[in-house]
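Taken straight from TrEMBL:
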type	residues	note
DOMAIN	1-61	domain 'MADS-box'
DOMAIN	88-178	domain 'K-box'
REGION	192-227	region 'Disordered'
REGION	267-306	region 'Disordered'
COMPBIAS	276-285	compositional bias 'Pro residues'
COMPBIAS	293-306	compositional bias 'Polar residues'
Amino acid sequence: MGRGKIAIRRIENRTTRQVTFSKRRAGLFKKTHELSVLCDAQIALIVFSSNGKLFEYCSQATCSMDQIIRRYQIAIGNPIPDQNMNDPEELERLLRIMRKDTDELQLSLQRYTAEDLSTFQLRDLDEIENRLQTSLNRVRARKSEVLQQQVENLRRKEKMLEDENEQIYHLIKEQQMAMEEQQQVAAAMMMQKRRSEEEEMRIRRPGDHHQQQQHQQQHHHHHHHGVEDEAVVCMEGDDGDHGDAFGFSNPHIIHPHLQLQLHPHEPNSVLQLGGPLPPPPPPFLHPYRLQPFQPNLHSSTTYATP
């Protein structure tokens, strides 16, 4: 869609008019310079702003503005006469013009400042009021434009801050989720490691117990290996019963420290170092019990008390 045409008319807003003048003047001077360079033309440009400020442009450095103006006057057949600045009448005329302009400016200033209104008639006062009202309307319109621009700028800034806040929120949320996932993974790994250790200990525990029992049996066998032969005692008495030398009526009584077993059916029953032995009978079935002291295996007799 093409750009719409801008209506060419006077800009009522003074500030906007000055800004437009500055931009268009710069563009005009740029185009004038390009035309002078490209086409080797001598161009003189004179511009007066609405405030009476002069702007001029001369195309060539070797050619001044006065030379171009004189050339223009000669070309149209109306040369500029030389003025004698030493003429008193001419100086008086210029002075009167300047005084008149100064009085008009002071009067305009008084109308806007309302310092002295005693000399003004009703028509003058109405005119001043209208001008002031117009100026006030322009000021209010410009004030509304500035406020609207500030509100729009603040809204854009608010929108940008909301977008940044949203991005930061999502970033923090993602980081928290990543940290939670890492913690869950670490907790799962620790739990898996603990379960593995418990499983390994559960597997190794029966074997360690069996090894410990074997070690105790080997140590016990090594400790009593030197006295095995001396521990053989004849258990046969006068009446043919076994176990009388120890005071036992039952030949299957087991010494709790030596793990000895009596064999009554053999001709020469002896005390032997045994492995796993059968459990002893209940105490009330036997009139004898062993004393709770460590026997001396080097001795040739063993004592028992009723």
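Here the Cβ of each residue, glycine as well, is placed from N, Cα and C on the backbone.
Look at the domain 'MADS-box' (1-61): DSSP puts its residues at 26 helix, 10 strand, 25 coil.
In the predicted model, the domain 'K-box' (88-178) shows an average pLDDT of 86.
DSSP places the residues of the domain 'K-box' (88-178) in helix, strand and coil in these numbers: 83 helix, 0 strand, 8 coil.
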